[in-house]
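Everything on this sheet refers to the single structure shown next.
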């Protein structure tokens, strides 16, 4: 009973300064769920009370004191990330026509990234979570550069229902973009297998000593549909240049 009264009082104090009932309830509930005793609950909620009363709750403060204020920054960040996914999905005409579905998918995609990150924990949670969300957001963006549009497997499968939004967060790049992953793997394999044997030719003039005694080799440094790059070495002065 005492704990219930204390929680009501804390909610009242927080909301008085934040003027945001939803955010107030989120902060208080997160602190309550993380605490297993009334003492720990008060330890978790104390920083919020102090900073609210002094009007010092800011993003900068949260980052400097991320351990104690982590519930606050995570809740705020998740809302921002969900909006980011919503705006990205709405760029596609399908989601422009289905706003409710767009909202649902944005929330589920963010949640899948959140749960995936929570299980990893190799880096700090916020850093890993932010990185993961940025990667997924790029993958589902329909406004990619022209040469990337054909590789948007994930967005097409999301629209068709083949891919569930709640599963995206834990999937690998190869699972989300099989076409792009296969293309990348093929290019890497081709480059590793290409012949780099040097040949001698008088076709290339050394810009250093002006002689035409050079060895050269062709290397596929760009996309497969673009010409190879020719690396030349002057046999006279040893200068290296691109032919």
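Each residue's number is its place along the chain shown, starting with 1.
Glycine is no exception: its Cβ is also placed from the backbone N, Cα and C atoms.
The Zn(2+) binding site annotation in Swiss-Prot covers 206, 209, 234, 237, and the record cites sequence analysis as its basis. Taken residue by residue with DSSP, residue 206 (Zn(2+) binding site) is part of neither helix nor strand, so it is coil.
Mean pLDDT, taken over the domain 'TFIIS central' (77-201), works out to 79 on the 0 to 100 scale. As annotated by Swiss-Prot, domain 'TFIIS central' applies to 77-201.
According to Swiss-Prot, the zinc finger annotation covers 202-242.
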Helix, strand and coil residues within the domain 'TFIIS central' (77-201) as assigned by DSSP: 93 helix, 3 strand, 29 coil
Neighbourhood of residue 209 (Zn(2+) binding site) by C-beta distance under 8 A, where only residues 6 or more apart in the same chain count: 234, 236, 237, 239
Lowest local Cβ density (other Cβ within 10 Å) among binding-site residues: 206, 234, 237: 237
